[in-house]
């Protein structure tokens, strides 16, 4: 009973923090003609309720795709339609065709914020609470502390409740998928992940680990017996879920192709805005977008992405385990973020979710990564006037992690999960005993750099000839951190013998 009370209090605290952040400004408030992501979400409600389904993704007199045209999968469109019905019941002016563009009022803001909160409460928060309750070999107090830290992660709160999006829906479905396949509810887990992909196509960042983990399970069961049966069931589940989501768009070939063109707009370029990945950072020194043809850029980004995630995916397929699955989710999502084509700064949330799931295993490194991931979105957060909410939520999250996990005491080789790697290196370099000390120093340098850059960005004006100087520096520093984390997580995966011959068989 006490556990239920504590979990309820935890959820209420998470909701309170979220609602408090939502009382601030939002993306594009009072900034015509395009406004921002808040207007995009409202506009999709306007389109889905006023136009026939066949016109949702097509350009027309009533649907100008240049003005926040729908560019997410069908499940997002259905969600917008559901919200639109509620909005129409409350005030039809909110979603009136054409005349509602840029609509802003206190009542409408309250409604839109409530839709995010309800989605969070129905999908993401229950998944987080259940995930933490299912953690083994730790006390109830530690489970509650783990859930608190995940729910206080500032990146997701600031983007969904400040900037204004519904990332908690796709991430929540993905987390339900992780829970399902980790505890042998493979069909339900596959269904949940298919819903995540059909809500936001960026969930493809997580698709290879799901595929490799489930394929590895099939191999373990034997492809001539139970494994083959499981493989057929999984294939049928995936196909059926996609058909149900896409059924209205399968009526005509051109309809399907148009939706796909909207979901994967390769013409937009290698990256967008100031994003902390390799291509945006490297473009400071060499303008790749201006030098190389478009199709060559696509091929290069594909090759780098594929090669960077291949080793961990092979390891997961050959030695499937829930622990290896979670770490491979981190590694693959980070590879996609750093090297893939057309990446947005908000896509770092797709890496942050699986990092939250390994917060208990490596609290020091996970906390560090989650701080960097929030910092990497600083230009966007300042643009939306979210400086104060950012500072407060980051401090709250850091204090929660520091006190719950004693992160500064968890920096030994074993607690960083680098013991196997260090032993391997010491066979050739016996004096290799300083790795934890180096990592602690790197953490201090990283935090000091982030604090300094934040203060500079807020207090100083950039030179007239370099108006994007601070934004570029934020991207550059964040990218260097992410490259370090990519190497670190790959080392954990490849040197983790527990996922190999010593791993217990999956039931």
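Every residue number used here counts from 1 along the chain in the order it is shown.
Glycine is no exception: its Cβ is also placed from the backbone N, Cα and C atoms.
Curation plays no part in TrEMBL annotations; they are all automatic predictions.
Predicted, not measured: the structure shown is a model, and the values here were computed from it.
Features as listed in TrEMBL:
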- 1-22: signal peptide (SIGNAL)
- 110-132: transmembrane segment (TRANSMEM)
- 144-161: transmembrane segment (TRANSMEM)
- 173-197: transmembrane segment (TRANSMEM)
- 227-249: transmembrane segment (TRANSMEM)
- 298-318: transmembrane segment (TRANSMEM)
- 348-371: transmembrane segment (TRANSMEM)
- 386-408: transmembrane segment (TRANSMEM)
- 438-458: transmembrane segment (TRANSMEM)
- 470-495: transmembrane segment (TRANSMEM)
Are there three or more C-beta pairs under 8 angstroms joining the transmembrane segment (386-408) and the transmembrane segment (173-197), sequence spacing 6 or more?
no
What residues in the same chain, six or more past the boundaries of the transmembrane segment (386-408), come closer than 8 Å to it by Cβ-Cβ distance?
17, 20-21, 24-25, 142, 145-146, 148-149, 152-154, 157-158, 162-163, 359-360, 363-364, 366-367, 370-371, 374, 378, 458
Selected stretch (most C-beta pairs under 8 A with the transmembrane segment (298-318)) from 110-132, 438-458, 470-495
470-495
Of 110-132, 144-161, 348-371, 438-458, whichever stretch has the most CB pairs under 8 A to the transmembrane segment (470-495):
438-458
Applying the under-8 angstroms CB criterion, which one of 110-132, 144-161, 348-371 scores highest with the transmembrane segment (438-458)?
348-371
Long-range CB partners for the transmembrane segment (144-161) (under 8 A, at least six residues beyond its ends), listed in sequence order, are 3, 6-7, 10-11, 13-14, 17-19, 21-22, 113, 116-117, 120, 125, 128-129, 131-132, 135, 138, 167-168, 171, 346, 348-349, 352, 356, 359-360, 367, 370, 373-374, 377, 381, 386, 389-390, 393-394, 396-397, 400-401, 404-405
